[in-house]
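A quick write-up on the structure given underneath.
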Amino acid sequence: MSWQAYVDEHLMCEIEGHHLASAAILGHGGTVWAQSADFPQFKPEEITGIMKDFDEPGHLAPTGMFVAAAKYMVIQGEPGAVTRGKKGAGGITIKKTGQALVVGIYDEPMTPGQCNMVVERLGDYLMKQGL
C-alpha cells in the first residue's frame, strides 16, 4: 500500500459521518511522505519543536505548538508517543512511530476523541510493521 493510500483510506476516512479536515504522514525530519490536498505546510522549526516535545515532554506547553504558523494549545498526550493540541473548535493529534509522524487535524463536528482514534490506530499499526 502506498503512503498516499494510508492517508486517503485510513486517515481521511469517514468516522460517524465526519472526516478529518486534513492529514499527513511525515518523516521525523519533516519530509512529507503523503498528505491530504489541504494539509498545511509545516515550517522546519515547527517540526523541530514537535520532535523536541516527544523527547522532552512538556517542552511545548508554555509556548504552544505551531503548525503552519497556527498556534495550538498543547493538551494531554502520551509522553514520547502522542502530542495533542487544541485551537478553537478544532485541534490536532500527532502520533510518533519509529520512523514517522502521523498527523490529523480536525474541526467540529468531528470530536477530539474521533481524531485521536483515527491517528493513533494508524500509528499503532505502522509501529507493529516496524515503521
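Just so you know, glycine gets a Cβ as well, placed from its N, Cα and C.
Within the same chain, the residues at least 6 positions away from CYS13 (disulfide bond) whose Cβ sits under 8 Å from its Cβ are HIS19, VAL118, listed in sequence order. Annotated disulfide bond per Swiss-Prot: CYS13-CYS115, in sequence order, evidence recorded as a curator's inference.
Positions annotated as phosphothreonine by Swiss-Prot, on the basis of similarity to another entry: THR111. Cβ neighbour count for THR111 (phosphothreonine): 14 (other Cβ atoms within 10 Å of its Cβ, all protein chains included).
In this model, the motif 'Involved in PIP2 interaction' (81-97) carries an average pLDDT of 97. Per Swiss-Prot, motif 'Involved in PIP2 interaction' is recorded for 81-97.
For the motif 'Involved in PIP2 interaction' (81-97), residue counts in helix, strand and coil come to 0 helix, 13 strand, 4 coil, using DSSP. For the recorded site, CYS13 (disulfide bond), the DSSP three-state label reads coil. In sequence order, LEU20, GLY91, ILE92, THR93, GLY104, ILE105, TYR106 are the residues near CYS115 (disulfide bond), counting only same-chain partners six or more apart with C-beta under 8 A.
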